[in-house]
C-alpha cells in the first residue's frame, strides 16, 4: 500500500495552505471583533512567513541528518500550538480575562512559533516522499505534495468562510482539527532508516552555484504568482469598470478556478508521470508566459479566467520540474529547504515591488518575471541527466 502513505504525507502539506488562506479569509471578522487593525494582522502574517527564510533551510538539513519524520511531527506540533495560542488569546481578550496590551505580544509569540516550526513542513514532506518513492517515481511523489498544497489552498478559504457563520473562533477549530487529523495520519507512514553515520553527517548537497538556476526559478515563480494576485484587483476594477467589492468577489472566483486547474494537472498529468521532469519545467514556464500574456491583454472576464487558469497550470507543472532538478544528488531535504526559502524571498520581493510600482504595471512585471524564468530553464537541463537514488526501504509495510 504505497500510495496511501504518499497521500498521508501530502495531507500534512495541505495544512500549510489551509492555515495560510484560512487565516486570510477570517481577517475581516478578526479585525472587527478583536480591536487590532488590519495593518497589525498583516504584520503578524508577514512575520510568520518571513521566518520561513531561516526555518526552511535549517529543517531541510535536519531532515537529511535525522530523517523527515521528526521534522514533520515537530511542524505539526508547532502548527497546533500556534493556532491554539491564537485562539486562547482571542477568547481571553474577548472575555476581558487578558490584561490590556497583552493580546498583541501573545499573537507575536504564536506567529514566531508558527514560522520557526511549520517552515519545515514542506521540505520534510518532499524529502519523505522522495525517500519512499524515489527513482522513477520522483515526479509522482513531488506531485502528491504539490497537490496537497493546492488542495489546502483551495479548501482553506471555503472551510474558513463556512465556519465563520458559526463563530469567530470556528476557523481555528477547523485548523486544529485538521492538524490533529494529519498528526494521526502521519504516524502510520513508514520512514527510511537513517544510519549512524548519516546522523553525524548529512549527505553532501549540490554546490550552491549548481543550484542557483533552480533557486532563481523558484524565486521568480513565487514573485510572479504574488504579483499576479496583487495586480489582479486593480486590473479587474479598471478594465471591467466595477467596484472594489465586486472585484474582490471575482478575484476569489478566479483564484479558485486556478487552484482547481492546478490540482487537476497535479493529479492527472504529473502524478501519472505523463511527462519527464525537464518537459514539465519547460512546458510549465511556457504556460506561465502565455497565461500572464493573456492577463496583460485581457479586457473581459473570459480573458482574465483563461489567463489565471493557464498560469496556474504552468505553476503546477514548473514547481515539480525544478524541484526534481534541485533535489537530485545528495541532501534532498536541504535542497527542498533552499527552494522554500527562495519562494519566500520571491513573495517578499513582490511586496517590495508593489510599494514602488503603480498597480497598473504589476501584471506586466509578472510577465517579465515569467520570461526570465523561461530563459533560465535550459540552465537546469544538465540536472536531469544526473542519476537519482533508489527509494529507501521502509522498516515496515503500510
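The backbone N, Cα and C atoms fix where each Cβ goes, and this holds for glycine too.
According to TrEMBL:
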DOMAIN    5-398  domain 'Major facilitator superfamily (MFS) profile'
TRANSMEM  42-59  transmembrane segment
TRANSMEM  71-90  transmembrane segment
TRANSMEM  102-122  transmembrane segment
TRANSMEM  142-162  transmembrane segment
TRANSMEM  168-191  transmembrane segment
TRANSMEM  212-230  transmembrane segment
TRANSMEM  250-269  transmembrane segment
TRANSMEM  276-295  transmembrane segment
TRANSMEM  301-322  transmembrane segment
TRANSMEM  334-356  transmembrane segment
TRANSMEM  362-380  transmembrane segment
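Across the domain 'Major facilitator superfamily (MFS) profile' (5-398), the prediction's mean pLDDT works out to 83. Within the same chain, residues 20, 23-24, 71, 75, 82, 107-108, 111-112, 114-120, 122-124, 333-334, 337-338, 340-341, 343-345, 347-348, 351 sit at least 6 positions outside the transmembrane segment (42-59) and bring their C-beta atoms closer than 8 Å to a C-beta of that stretch. Take the transmembrane segment (362-380) and the stretches 71-90, 102-122, 142-162, 212-230, 334-356: counting Cβ pairs under 8 Å, 212-230 has the most. Using a cut-off of 8 Å between Cβ atoms, the transmembrane segment (250-269) and the transmembrane segment (168-191) share fewer than three residue pairs, counting only pairs 6 or more apart in sequence. Here the transmembrane segment (276-295) has long-range neighbours at 138-139, 217, 221, 224, 228, 232, 235, 270, 303-304, 306-322, 324-325, 363, 366-367, 370-371, 373-374, 377, 380-381, 384, meaning same-chain residues at least 6 beyond its ends whose C-beta is under 8 angstroms from one of its own. Per-stretch counts of Cβ pairs under 8 Å to the transmembrane segment (334-356) identify 212-230 as the leading one among 102-122, 168-191, 212-230, 301-322.
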